[in-house]
């Protein structure tokens, strides 16, 4: 028996019994706190002889399949006799109930009071069980890599790879596992104790012991780690895992090493809503009247105030639509959609200059941690379907990172839908070519075409169709670095009929593909339609003008291009335009979309053309400019010091 007690002390101390969440006067759970019913063996019957009565001892069956024999002295109560035996096992009498096993009725027991005189029970067999309403549960550890900044709740040092309890949120390093508190707080049961402190146990009709004082509850909450307090300060409902083995289960395997937490446990679900716990503590401290508690309805929480104690099946069947219904509810803090953090409050952005307006919105220069471009979209009173579709597209746009793509910085949904992007100091390609008439050299024009194809190839690799590719949406940033903007956003670039998204011709007429103008398909936008728009941009680069400049009627252009009667005049291209570039322009603006190349092929063609262009290499005989001064000095020195040769 001393060996068992000594081993149990080692296990308890190894798991940091002194660092438990509750103080010493409250309930402390052992390492394994499932309510394993003690199974008496047939060989145990009849072992109790008259010698036990003469030796003043009582045999006691304890939780977790343990047993002990205690000595009884006159004047001692059950509480005094069993205190030491329970304490060395990490238990407290306030958390347990004691029963006397009836010898005449096998399997039946009668509950005793802890103040009962122990002398009257000499020679009897007693059993100690956990109380049903006591919030005892075990940690549910899972190995986790913390991608966001996190710190160990034990040593308060940086934590990258470690463990985290799925129930209470306790996180720690593997080498700190010996200091983890043994008790994991079951918040649903604590909530019941706070709201119904005078509740009784209805199974046997025997009143339950007095509930824990409110002071202990406050202390237990205040002694939680900082990260756990922050976790339970939000008003959301959490779903965590906790082990729930059968009460008749047995400890068939040895205790695991204390250096590694047990991360393999059967899981069921528990719901936690800590705002109600805080409200209950506050209301209880202000007024302890029953009316203050009864005024709160039972259906304020998605999880409910009270949960009946029903056996949890090993595998719970889920309704077909339960998954989607749960996702539509308030998201837990740890599982919140990451696009939430990309939403910007309208009050944080300061708009200054109106840059211009287009088919789908107005662009402003603004201030939000620096210069940004804010595009307020032309969507009035968006429906919930439009708002959700807009957020879905934003979730795709926020993942774009490329040197030739405008950096997406966030979005706004209050009052108006708006997107916030990187600010480009340079002008658009349209302004350079047709307003300022900047004179680019041919190799510069080819490099602009290459960068544009490179950015579009990246967007298509992300399954993003631009839908409005034109020279107005191509910006030259800090010299000749191409930045493509206003991509995606099919929600804004479509017409909505009720809750249904209906495609319509979008974009500028000169850059619209023939199939987009005709709108014969439900969704005419494709990678090939973007290629056609890119071909018109190539025409602008290589011709220095817009296509169909001789046609002044917009409707005529729409009719002729849609019918296939008109195409860009390739004879207007520059005379020094390479033949490979002329062929590429002709391929991109073909009337049949299946005949157009895709951007990987376009990009490789332009790169091959760049490598084939003749380059002017510096002459090897030309002196370096930074060495010219030294050369002059040497020549002067040579001329002045050369000796005169005698003349014969």
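Quick reminder: no glycine exception, Cβ is built from N, Cα and C everywhere.
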Among 289, 567, residue with annotation phosphoserine (source: Swiss-Prot)
289
Swiss-Prot lists zinc finger for one of the ranges 138-184, 185-231, 326-372; which is that range?
138-184
Could you check which of 61-115, 281-335, 391-445 is flagged in Swiss-Prot as region 'Disordered'?
281-335
Feature phosphoserine (Swiss-Prot), candidate list 26, 274, 526, 621, assigned to 621
In sequence order, which residues at least six apart in the same chain have a CB under 8 Å from the CB of residue 173 (Zn(2+) 2 binding site)?
152, 154, 155, 157, 159, 162, 163
Among the binding-site residues 152, 155, 176, which residue has the largest number of other Cβ atoms within 10 Å of its own Cβ?
152
With the Zn(2+) 2 site defined by 152, 155, 173, 176, which remaining residues of that chain have Cβ atoms positioned within 8 Å of the Cβ centroid?
153, 154, 156, 157, 159, 162, 172, 175, 179
Distance check, please: Cα of residue 176 (Zn(2+) 2 binding site) against Cα of residue 341 (phosphotyrosine), rounded to an integer number of angstrom.
32
